[in-house]
Amino acid sequence: SVGFKAGVKDYKLTYYTPEYETLDTDILAAFRVSPQPGVPPEEAGAAVAAESSTGTWTTVWTDGLTSLDRYKGRCYHIEPVAGEENQYICYVAYPLDLFEEGSVTNMFTSIVGNVFGFKALRALRLEDLRIPVAYVKTFLGPPHGIQVERDKLNKYGRPLLGCTIKPKLGLSAKNYGRAVYECLRGGLDFTKDDENVNSQPFMRWRDRFLFCAEAIYKSQAETGEIKGHYLNATAGTCEEMIKRAVFARELGVPIVMHDYLTGGFTANTSLAHYCRDNGLLLHIHRAMHAVIDRQKNHGMHFRVLAKALRLSGGDHIHAGTVVGKLEGEREITLGFVDLLRDDFTEKDRSRGIYFTQSWVSTPGVLPVASGGIHVWHMPALTEIFGDDSVLQFGGGTLGHPWGNAPGAVANRVALEACVQARNEGRDLAREGNTIIREACKWSPELAAACEVWKEIKFEFQAMDTI
(Lines of atoms letter the chains of each structure in order from A; the text may use other names.)
(Lines give C-alpha, C1' and ligand atoms only; values in the text may rest on other atoms or scores of the structure.)
Protein backbone atom coordinates (compact mmCIF):
# COMPACT_ATOMS: atom_id res chain seq x y z
CA SER A 1 0.00 0.00 0.00
CA VAL A 2 1.01 3.61 -0.51
CA GLY A 3 2.76 5.16 2.49
CA PHE A 4 0.34 8.08 2.68
CA LYS A 5 -3.28 8.72 1.79
CA ALA A 6 -3.39 10.88 -1.32
CA GLY A 7 -6.16 13.36 -1.97
CA VAL A 8 -7.72 16.49 -0.56
CA LYS A 9 -8.77 16.48 3.09
CA ASP A 10 -10.43 19.03 5.32
CA TYR A 11 -8.04 21.52 6.88
CA LYS A 12 -9.90 21.29 10.16
CA LEU A 13 -8.83 17.69 10.70
CA THR A 14 -5.22 18.84 11.06
CA TYR A 15 -5.24 22.55 11.82
CA TYR A 16 -8.25 23.15 14.08
CA THR A 17 -7.12 22.22 17.61
CA PRO A 18 -9.39 23.80 20.24
CA GLU A 19 -7.66 21.85 23.01
CA TYR A 20 -4.23 23.35 22.20
CA GLU A 21 -2.58 25.31 25.02
CA THR A 22 -0.49 28.13 23.60
CA LEU A 23 3.21 28.31 24.41
CA ASP A 24 5.03 31.41 25.61
CA THR A 25 7.17 31.19 22.49
CA ASP A 26 4.27 31.02 20.00
CA ILE A 27 3.41 33.97 17.80
CA LEU A 28 -0.33 34.45 18.27
CA ALA A 29 -2.57 36.08 15.68
CA ALA A 30 -6.18 37.25 15.83
CA PHE A 31 -7.84 37.17 12.40
CA ARG A 32 -11.25 38.58 11.52
CA VAL A 33 -12.52 35.90 9.14
CA SER A 34 -15.52 36.26 6.80
CA PRO A 35 -16.05 32.76 5.31
CA GLN A 36 -17.81 32.19 1.99
CA PRO A 37 -21.43 31.05 2.45
CA GLY A 38 -21.50 27.36 3.37
CA VAL A 39 -17.93 27.24 4.72
CA PRO A 40 -18.03 26.40 8.44
CA PRO A 41 -15.97 28.71 10.70
CA GLU A 42 -13.78 25.81 11.94
CA GLU A 43 -12.79 25.00 8.36
CA ALA A 44 -12.18 28.68 7.56
CA GLY A 45 -10.06 29.22 10.68
CA ALA A 46 -8.11 26.02 10.06
CA ALA A 47 -7.55 27.04 6.43
CA VAL A 48 -6.05 30.34 7.59
CA ALA A 49 -3.74 28.51 10.02
CA ALA A 50 -2.71 26.02 7.33
CA GLU A 51 -2.13 28.39 4.44
CA SER A 52 -0.10 30.79 6.59
CA SER A 53 2.13 28.00 7.95
CA THR A 54 2.86 24.48 6.65
CA GLY A 55 -0.26 23.54 4.72
CA THR A 56 -1.05 23.20 1.05
CA TRP A 57 -4.27 22.25 -0.70
CA THR A 58 -3.59 18.52 -0.95
CA THR A 59 -1.70 15.87 0.94
CA VAL A 60 1.91 15.59 -0.25
CA TRP A 61 4.26 12.68 0.37
CA THR A 62 7.03 14.98 1.62
CA ASP A 63 4.83 15.66 4.67
CA GLY A 64 6.20 12.33 5.88
CA LEU A 65 9.74 13.73 5.98
CA THR A 66 8.98 16.22 8.74
CA SER A 67 7.01 16.54 11.94
CA LEU A 68 3.89 18.53 11.13
CA ASP A 69 2.95 18.63 14.78
CA ARG A 70 6.08 20.58 15.47
CA TYR A 71 5.78 23.13 12.68
CA LYS A 72 2.11 23.63 11.88
CA GLY A 73 0.05 26.70 12.71
CA ARG A 74 -3.00 25.90 14.83
CA CYS A 75 -6.38 27.57 15.00
CA TYR A 76 -7.04 27.18 18.73
CA HIS A 77 -10.08 29.39 19.39
CA ILE A 78 -12.97 30.86 17.39
CA GLU A 79 -15.52 33.41 18.53
CA PRO A 80 -18.34 35.03 16.55
CA VAL A 81 -18.14 38.81 16.06
CA ALA A 82 -21.05 40.49 17.83
CA GLY A 83 -23.39 42.31 15.48
CA GLU A 84 -21.92 40.80 12.31
CA GLU A 85 -23.46 37.95 10.37
CA ASN A 86 -21.11 35.07 9.55
CA GLN A 87 -17.94 36.74 10.79
CA TYR A 88 -15.54 35.30 13.35
CA ILE A 89 -12.38 36.12 15.22
CA CYS A 90 -10.07 33.14 14.72
CA TYR A 91 -7.03 32.83 16.94
CA VAL A 92 -4.00 31.12 15.40
CA ALA A 93 -0.78 30.03 17.13
CA TYR A 94 2.44 29.71 15.12
CA PRO A 95 5.48 27.85 16.44
CA LEU A 96 8.48 30.17 16.66
CA ASP A 97 10.61 27.83 14.51
CA LEU A 98 8.69 28.98 11.43
CA PHE A 99 10.26 32.46 11.47
CA GLU A 100 13.69 33.84 10.69
CA GLU A 101 15.18 35.79 13.58
CA GLY A 102 15.11 39.58 13.30
CA SER A 103 13.07 39.64 10.08
CA VAL A 104 9.74 41.45 10.00
CA THR A 105 9.74 40.70 6.28
CA ASN A 106 9.75 36.95 6.87
CA MET A 107 7.16 37.18 9.64
CA PHE A 108 4.72 39.02 7.37
CA THR A 109 5.42 36.83 4.34
CA SER A 110 4.16 33.88 6.37
CA ILE A 111 1.35 35.37 8.42
CA VAL A 112 -0.15 37.75 5.86
CA GLY A 113 1.15 36.18 2.66
CA ASN A 114 -0.86 34.07 0.19
CA VAL A 115 -3.60 33.36 2.69
CA PHE A 116 -5.28 36.72 1.98
CA GLY A 117 -6.20 35.64 -1.55
CA PHE A 118 -7.75 32.41 -0.34
CA LYS A 119 -10.99 31.51 -2.15
CA ALA A 120 -12.83 29.95 0.81
CA LEU A 121 -12.84 33.37 2.50
CA ARG A 122 -14.80 36.43 1.44
CA ALA A 123 -12.47 38.63 3.45
CA LEU A 124 -9.70 38.34 6.01
CA ARG A 125 -8.23 40.91 8.37
CA LEU A 126 -5.33 40.54 10.77
CA GLU A 127 -6.46 42.40 13.89
CA ASP A 128 -3.53 41.84 16.25
CA LEU A 129 -0.35 39.84 16.83
CA ARG A 130 1.26 38.71 20.06
CA ILE A 131 5.01 38.76 19.52
CA PRO A 132 6.65 36.42 22.07
CA VAL A 133 9.54 37.92 24.04
CA ALA A 134 11.85 35.27 22.58
CA TYR A 135 11.20 36.74 19.13
CA VAL A 136 11.19 40.38 20.28
CA LYS A 137 14.73 39.86 21.56
CA THR A 138 15.98 38.99 18.05
CA PHE A 139 15.26 42.59 16.92
CA LEU A 140 17.20 45.76 17.73
CA GLY A 141 13.98 47.77 17.63
CA PRO A 142 13.99 51.58 17.58
CA PRO A 143 17.45 53.11 17.08
CA HIS A 144 17.19 55.17 20.29
CA GLY A 145 13.70 55.43 21.75
CA ILE A 146 11.84 58.03 23.76
CA GLN A 147 14.17 58.56 26.72
CA VAL A 148 17.37 58.75 24.67
CA GLU A 149 15.70 61.19 22.28
CA ARG A 150 14.70 63.50 25.13
CA ASP A 151 18.25 63.36 26.47
CA LYS A 152 19.74 64.12 23.04
CA LEU A 153 17.38 67.07 22.54
CA ASN A 154 17.36 68.19 26.19
CA LYS A 155 13.57 68.63 26.08
CA TYR A 156 11.40 67.30 28.90
CA GLY A 157 7.89 67.51 30.31
CA ARG A 158 6.01 68.42 27.14
CA PRO A 159 5.11 67.05 23.72
CA LEU A 160 7.49 68.00 20.89
CA LEU A 161 6.32 70.28 18.09
CA GLY A 162 6.81 69.69 14.38
CA CYS A 163 5.73 71.04 11.02
CA THR A 164 5.66 69.53 7.55
CA ILE A 165 7.02 71.98 5.00
CA LYS A 166 4.42 72.89 2.34
CA PRO A 167 3.89 73.15 -0.58
CA LYS A 168 5.21 69.63 -0.41
CA LEU A 169 6.45 69.60 -4.01
CA GLY A 170 7.85 72.40 -6.16
CA LEU A 171 9.98 74.57 -3.87
CA SER A 172 13.66 75.07 -4.67
CA ALA A 173 16.14 73.84 -2.08
CA LYS A 174 17.01 77.34 -0.90
CA ASN A 175 13.39 78.44 -0.45
CA TYR A 176 12.69 75.14 1.27
CA GLY A 177 15.57 75.73 3.69
CA ARG A 178 14.25 79.23 4.35
CA ALA A 179 10.83 77.85 5.36
CA VAL A 180 12.58 75.34 7.66
CA TYR A 181 14.59 78.12 9.31
CA GLU A 182 11.54 80.33 9.91
CA CYS A 183 9.58 77.51 11.58
CA LEU A 184 12.46 76.42 13.80
CA ARG A 185 13.35 80.01 14.67
CA GLY A 186 9.74 80.65 15.69
CA GLY A 187 9.80 77.90 18.31
CA LEU A 188 9.19 74.48 16.76
CA ASP A 189 11.43 71.55 17.69
CA PHE A 190 11.31 69.87 14.29
CA THR A 191 10.36 70.45 10.70
CA LYS A 192 9.67 67.62 8.28
CA ASP A 193 10.19 66.64 4.68
CA ASP A 194 6.90 65.56 3.20
CA GLU A 195 6.77 61.82 2.60
CA ASN A 196 6.86 62.29 -1.18
CA VAL A 197 9.89 64.57 -1.12
CA ASN A 198 12.73 62.27 -2.18
CA SER A 199 15.00 63.61 -4.93
CA GLN A 200 12.96 65.16 -7.72
CA PRO A 201 14.19 67.30 -10.63
CA PHE A 202 13.18 70.61 -8.97
CA MET A 203 15.00 69.77 -5.73
CA ARG A 204 17.71 67.11 -5.55
CA TRP A 205 18.27 65.53 -2.17
CA ARG A 206 21.81 66.76 -1.59
CA ASP A 207 20.89 70.41 -2.12
CA ARG A 208 17.94 70.07 0.24
CA PHE A 209 20.06 68.41 2.91
CA LEU A 210 22.63 71.24 2.76
CA PHE A 211 20.14 74.10 3.00
CA CYS A 212 18.16 72.37 5.75
CA ALA A 213 21.35 71.78 7.76
CA GLU A 214 22.14 75.49 7.44
CA ALA A 215 18.63 76.32 8.69
CA ILE A 216 19.05 73.98 11.67
CA TYR A 217 22.39 75.45 12.76
CA LYS A 218 21.29 79.07 12.32
CA SER A 219 18.05 78.57 14.30
CA GLN A 220 19.89 76.62 17.02
CA ALA A 221 22.40 79.42 17.46
CA GLU A 222 19.65 82.03 17.72
CA THR A 223 17.28 80.17 20.06
CA GLY A 224 19.66 78.17 22.25
CA GLU A 225 17.48 75.08 21.67
CA ILE A 226 18.36 71.90 19.82
CA LYS A 227 16.53 71.74 16.48
CA GLY A 228 15.98 69.06 13.86
CA HIS A 229 14.58 68.54 10.39
CA TYR A 230 13.43 65.08 9.26
CA LEU A 231 15.57 64.60 6.16
CA ASN A 232 13.76 61.99 4.07
CA ALA A 233 16.30 59.34 3.09
CA THR A 234 13.74 57.16 1.29
CA ALA A 235 15.09 56.21 -2.13
CA GLY A 236 14.67 53.80 -5.02
CA THR A 237 17.38 51.43 -3.77
CA CYS A 238 18.68 50.50 -0.33
CA GLU A 239 22.18 51.60 -1.31
CA GLU A 240 20.96 55.07 -2.27
CA MET A 241 18.95 55.31 0.97
CA ILE A 242 22.03 54.53 3.08
CA LYS A 243 24.09 57.00 1.01
CA ARG A 244 21.62 59.75 1.94
CA ALA A 245 21.69 58.77 5.61
CA VAL A 246 25.51 58.84 5.54
CA PHE A 247 25.46 62.38 4.13
CA ALA A 248 23.01 63.46 6.84
CA ARG A 249 25.37 62.06 9.46
CA GLU A 250 28.29 63.93 7.88
CA LEU A 251 26.32 67.18 8.14
CA GLY A 252 25.87 66.47 11.85
CA VAL A 253 22.07 66.73 11.84
CA PRO A 254 20.12 64.85 14.54
CA ILE A 255 17.41 63.00 12.59
CA VAL A 256 16.52 61.37 9.27
CA MET A 257 13.25 60.00 7.97
CA HIS A 258 11.92 56.97 6.11
CA ASP A 259 8.64 55.88 4.50
CA TYR A 260 8.61 52.40 5.96
CA LEU A 261 5.75 50.80 4.05
CA THR A 262 6.60 52.05 0.56
CA GLY A 263 10.31 51.59 1.31
CA GLY A 264 9.75 48.11 2.72
CA PHE A 265 10.64 46.45 6.02
CA THR A 266 14.01 45.15 4.83
CA ALA A 267 15.16 48.65 3.87
CA ASN A 268 13.69 50.10 7.05
CA THR A 269 15.50 47.65 9.32
CA SER A 270 18.81 48.34 7.55
CA LEU A 271 18.30 52.08 8.01
CA ALA A 272 17.35 51.63 11.68
CA HIS A 273 20.57 49.67 12.30
CA TYR A 274 22.58 52.40 10.58
CA CYS A 275 20.86 55.08 12.66
CA ARG A 276 21.61 53.31 15.93
CA ASP A 277 25.25 52.79 14.98
CA ASN A 278 25.65 56.45 14.02
CA GLY A 279 23.56 58.34 16.56
CA LEU A 280 20.81 59.45 14.19
CA LEU A 281 17.17 59.53 15.28
CA LEU A 282 14.75 57.96 12.79
CA HIS A 283 11.34 59.45 11.96
CA ILE A 284 8.93 57.05 10.28
CA HIS A 285 6.10 58.03 7.97
CA ARG A 286 3.35 55.50 7.25
CA ALA A 287 2.47 56.43 3.64
CA MET A 288 0.38 53.60 2.11
CA HIS A 289 -0.96 52.39 5.45
CA ALA A 290 -4.59 53.11 4.52
CA VAL A 291 -4.30 50.79 1.51
CA ILE A 292 -3.71 48.03 4.06
CA ASP A 293 -5.64 49.10 7.15
CA ARG A 294 -8.65 51.20 6.17
CA GLN A 295 -11.27 48.54 5.50
CA LYS A 296 -12.57 46.89 8.61
CA ASN A 297 -13.14 43.45 7.08
CA HIS A 298 -10.01 42.96 5.02
CA GLY A 299 -6.31 43.76 5.32
CA MET A 300 -4.42 44.45 8.51
CA HIS A 301 -5.14 46.76 11.43
CA PHE A 302 -2.67 49.60 11.92
CA ARG A 303 -1.79 48.27 15.38
CA VAL A 304 -0.10 45.33 13.64
CA LEU A 305 1.87 47.69 11.38
CA ALA A 306 2.80 49.69 14.49
CA LYS A 307 4.09 46.59 16.30
CA ALA A 308 6.04 45.62 13.19
CA LEU A 309 7.63 49.08 13.12
CA ARG A 310 8.67 48.83 16.76
CA LEU A 311 10.46 45.60 15.89
CA SER A 312 11.96 46.87 12.63
CA GLY A 313 13.00 50.19 14.15
CA GLY A 314 11.91 53.83 14.23
CA ASP A 315 11.89 56.57 16.87
CA HIS A 316 8.75 58.42 15.68
CA ILE A 317 5.75 57.10 13.77
CA HIS A 318 2.60 58.80 12.51
CA ALA A 319 -0.36 57.47 14.46
CA GLY A 320 -3.45 59.51 13.57
CA THR A 321 -4.79 62.51 15.47
CA VAL A 322 -8.23 61.64 16.87
CA VAL A 323 -9.18 65.27 16.11
CA GLY A 324 -7.89 66.42 12.69
CA LYS A 325 -8.64 65.62 9.04
CA LEU A 326 -7.41 62.00 9.13
CA GLU A 327 -9.55 59.56 11.00
CA GLY A 328 -8.78 57.63 14.14
CA GLU A 329 -11.16 56.60 16.89
CA ARG A 330 -10.01 57.64 20.30
CA GLU A 331 -9.86 54.41 22.31
CA ILE A 332 -8.52 52.35 19.43
CA THR A 333 -5.91 55.00 18.62
CA LEU A 334 -4.82 55.21 22.25
CA GLY A 335 -4.56 51.42 22.28
CA PHE A 336 -1.88 51.33 19.61
CA VAL A 337 -0.27 54.53 20.90
CA ASP A 338 0.32 52.70 24.19
CA LEU A 339 1.61 49.67 22.26
CA LEU A 340 4.22 51.97 20.72
CA ARG A 341 5.30 53.70 23.93
CA ASP A 342 4.86 51.31 26.84
CA ASP A 343 6.96 48.33 27.83
CA PHE A 344 3.92 46.21 28.69
CA THR A 345 0.34 46.38 27.41
CA GLU A 346 -2.54 44.39 28.93
CA LYS A 347 -5.11 42.67 26.75
CA ASP A 348 -8.07 45.04 26.46
CA ARG A 349 -10.67 44.35 23.79
CA SER A 350 -12.39 47.71 24.30
CA ARG A 351 -9.20 49.32 22.95
CA GLY A 352 -8.75 46.71 20.23
CA ILE A 353 -5.89 44.98 22.04
CA TYR A 354 -6.39 41.22 21.65
CA PHE A 355 -3.23 40.06 23.43
CA THR A 356 -1.08 41.05 26.36
CA GLN A 357 2.25 42.20 24.91
CA SER A 358 5.61 42.57 26.64
CA TRP A 359 8.45 44.41 24.90
CA VAL A 360 11.22 43.39 27.33
CA SER A 361 12.57 46.96 27.46
CA THR A 362 12.74 47.44 23.69
CA PRO A 363 12.85 51.26 23.36
CA GLY A 364 9.50 52.98 22.81
CA VAL A 365 8.39 54.93 19.75
CA LEU A 366 7.00 58.48 19.91
CA PRO A 367 3.56 58.67 18.25
CA VAL A 368 3.19 61.60 15.85
CA ALA A 369 -0.17 63.37 15.57
CA SER A 370 -0.38 65.03 12.18
CA GLY A 371 -3.04 66.01 9.66
CA GLY A 372 -5.43 68.96 9.73
CA ILE A 373 -4.68 70.06 13.28
CA HIS A 374 -4.35 73.67 14.46
CA VAL A 375 -4.08 75.74 17.64
CA TRP A 376 -7.67 75.12 18.76
CA HIS A 377 -6.89 71.40 18.89
CA MET A 378 -3.91 71.89 21.22
CA PRO A 379 -5.74 71.23 24.54
CA ALA A 380 -7.31 68.04 23.18
CA LEU A 381 -4.01 66.83 21.73
CA THR A 382 -2.13 67.53 24.97
CA GLU A 383 -4.80 65.67 26.90
CA ILE A 384 -5.09 62.68 24.56
CA PHE A 385 -1.44 62.07 23.68
CA GLY A 386 0.32 63.27 26.83
CA ASP A 387 3.95 64.35 26.96
CA ASP A 388 5.48 61.52 24.95
CA SER A 389 4.33 62.55 21.50
CA VAL A 390 5.13 64.79 18.56
CA LEU A 391 2.39 67.20 17.47
CA GLN A 392 2.80 68.19 13.84
CA PHE A 393 1.10 71.22 12.35
CA GLY A 394 1.81 71.67 8.63
CA GLY A 395 -0.88 74.00 7.33
CA GLY A 396 -1.50 74.87 10.98
CA THR A 397 1.91 76.60 11.03
CA LEU A 398 2.52 77.71 7.44
CA GLY A 399 -1.07 78.90 6.99
CA HIS A 400 -0.68 81.65 9.60
CA PRO A 401 -1.67 85.01 8.08
CA TRP A 402 1.60 86.64 9.17
CA GLY A 403 3.92 83.91 7.90
CA ASN A 404 5.80 80.84 9.05
CA ALA A 405 7.67 82.12 12.10
CA PRO A 406 4.58 83.69 13.71
CA GLY A 407 2.74 80.44 12.92
CA ALA A 408 5.40 78.56 14.85
CA VAL A 409 5.20 81.07 17.72
CA ALA A 410 1.43 80.57 17.92
CA ASN A 411 1.78 76.80 18.18
CA ARG A 412 4.54 76.97 20.79
CA VAL A 413 2.61 79.48 22.92
CA ALA A 414 -0.54 77.35 22.71
CA LEU A 415 1.40 74.23 23.70
CA GLU A 416 3.19 75.86 26.63
CA ALA A 417 -0.13 77.33 27.85
CA CYS A 418 -1.81 73.90 27.72
CA VAL A 419 1.08 72.14 29.48
CA GLN A 420 1.18 74.80 32.19
CA ALA A 421 -2.60 74.62 32.69
CA ARG A 422 -2.45 70.84 32.93
CA ASN A 423 0.38 71.01 35.46
CA GLU A 424 -1.69 73.42 37.53
CA GLY A 425 -4.44 70.80 37.66
CA ARG A 426 -6.88 72.39 35.23
CA ASP A 427 -9.17 70.22 33.11
CA LEU A 428 -8.06 70.57 29.48
CA ALA A 429 -11.12 68.77 28.15
CA ARG A 430 -13.52 71.28 29.74
CA GLU A 431 -11.45 74.47 29.84
CA GLY A 432 -9.44 74.07 26.64
CA ASN A 433 -10.95 76.99 24.74
CA THR A 434 -10.65 79.26 27.77
CA ILE A 435 -6.97 78.39 28.19
CA ILE A 436 -6.26 79.22 24.54
CA ARG A 437 -8.23 82.49 24.76
CA GLU A 438 -6.32 83.57 27.87
CA ALA A 439 -3.02 82.93 26.10
CA CYS A 440 -4.20 84.98 23.11
CA LYS A 441 -4.24 88.08 25.32
CA TRP A 442 -0.47 88.18 25.57
CA SER A 443 0.41 86.55 22.23
CA PRO A 444 -0.76 88.47 19.15
CA GLU A 445 0.57 85.62 16.97
CA LEU A 446 -1.70 83.12 18.73
CA ALA A 447 -4.65 85.53 18.58
CA ALA A 448 -4.24 85.83 14.80
CA ALA A 449 -4.05 82.03 14.41
CA CYS A 450 -7.16 81.55 16.56
CA GLU A 451 -9.07 83.99 14.38
CA VAL A 452 -8.15 82.20 11.13
CA TRP A 453 -9.05 78.69 12.27
CA LYS A 454 -11.98 79.31 14.57
CA GLU A 455 -14.54 77.74 12.21
CA ILE A 456 -12.61 74.87 10.63
CA LYS A 457 -13.94 71.38 11.18
CA PHE A 458 -13.30 68.13 9.33
CA GLU A 459 -16.44 66.20 10.10
CA PHE A 460 -17.37 63.25 7.93
CA GLN A 461 -18.72 59.79 8.64
CA ALA A 462 -16.02 57.36 9.73
CA MET A 463 -14.69 55.57 6.65
CA ASP A 464 -14.07 52.12 8.02
CA THR A 465 -17.77 51.30 8.01
CA ILE A 466 -17.53 50.28 4.33
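The backbone N, Cα and C atoms fix where each Cβ goes, glycine too.
Annotation comment: Swiss-Prot describes LYS166, HIS285 as active site, proton acceptor. Feature annotation from Swiss-Prot assigns substrate binding site to ASN114, THR164, LYS168, ARG286, HIS318, SER370; the stated evidence is sequence analysis. Swiss-Prot lists LYS192, ASP194, GLU195 with the feature Mg(2+) binding site, giving sequence analysis as the kind of evidence. If you look up Swiss-Prot, you'll see LYS5 marked as N6,N6,N6-trimethyllysine, on the strength of sequence analysis. Residues annotated as N6-carboxylysine in Swiss-Prot, with sequence analysis given as evidence: LYS192. Swiss-Prot lists LYS325 with the feature site 'Transition state stabilizer'.
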For this session: Please report the DSSP secondary structure of LYS192 (Mg(2+) binding site), reduced to three states.
Result: strand
Seminar exercise, completed: Those same-chain residues, other than LYS192, ASP194, GLU195, found with Cβ within 8 Å of the centroid of the Mg(2+)-site Cβ atoms are THR164, ILE165, LYS168, ASP193, ASN196, VAL197, TYR230, ASN232, MET257, HIS285
Exercise. By the DSSP assignment reduced to helix, strand and coil, which category contains ASN114 (substrate binding site)?
Worked result: helix
Exercise. Listing them in sequence order, which of the binding-site residues ASN114, ASP194, GLU195, SER370 have their Cα within 10 Å of that of LYS166 (active site, proton acceptor)?
Worked result: ASP194
Exercise. Is any of the recorded positions LYS5, ASN114, ARG286, HIS318, SER370 within 10 Å of GLU195 (Mg(2+) binding site) (Cα-Cα), and if so, which, in sequence order?
Worked result: ARG286
Problem set entry | Those residues of the chain, 6+ apart, with a Cβ under 8 Å from that of THR164 (substrate binding site) | THR191, LYS192, ASP193, ASP194, SER370, GLN392, GLY394
Exercise. Taking the Cβ of LYS192 (Mg(2+) binding site) as the centre, how many other Cβ atoms fall within a 10 Å radius?
Worked result: 29
Seminar exercise, completed: Neighbour count check, CB within 10 A, over binding-site residues ASN114, SER370; minimum at ASN114
For this session: To the nearest whole angstrom, state the Cα distance for the pair LYS168 (substrate binding site) and HIS285 (active site, proton acceptor).
Result: 14
For this session: Give the distance between the Cα atoms of HIS285 (active site, proton acceptor) and HIS318 (substrate binding site), rounded to the nearest whole Å.
Result: 6
Exercise. Across the listed substrate-binding residues, ASN114, THR164, LYS168, ARG286, HIS318, SER370, what is the farthest Cα to Cα distance, given in whole Å?
Worked result: 37
Problem set entry | For ARG286 (substrate binding site): intrachain residues, at least 6 apart, with Cβ closer than 8 Å | ASP259, TYR260, LEU261, PHE302, LEU305, ILE317, HIS318
Exercise. Including all protein chains shown, what's the count of other C-beta atoms within 10 A of the C-beta of LYS166 (active site, proton acceptor)?
Worked result: 16
Seminar exercise, completed: Rounded Cα distance in angstrom between the residue listed as 'N6,N6,N6-trimethyllysine' and ASN114 (substrate binding site) is 26
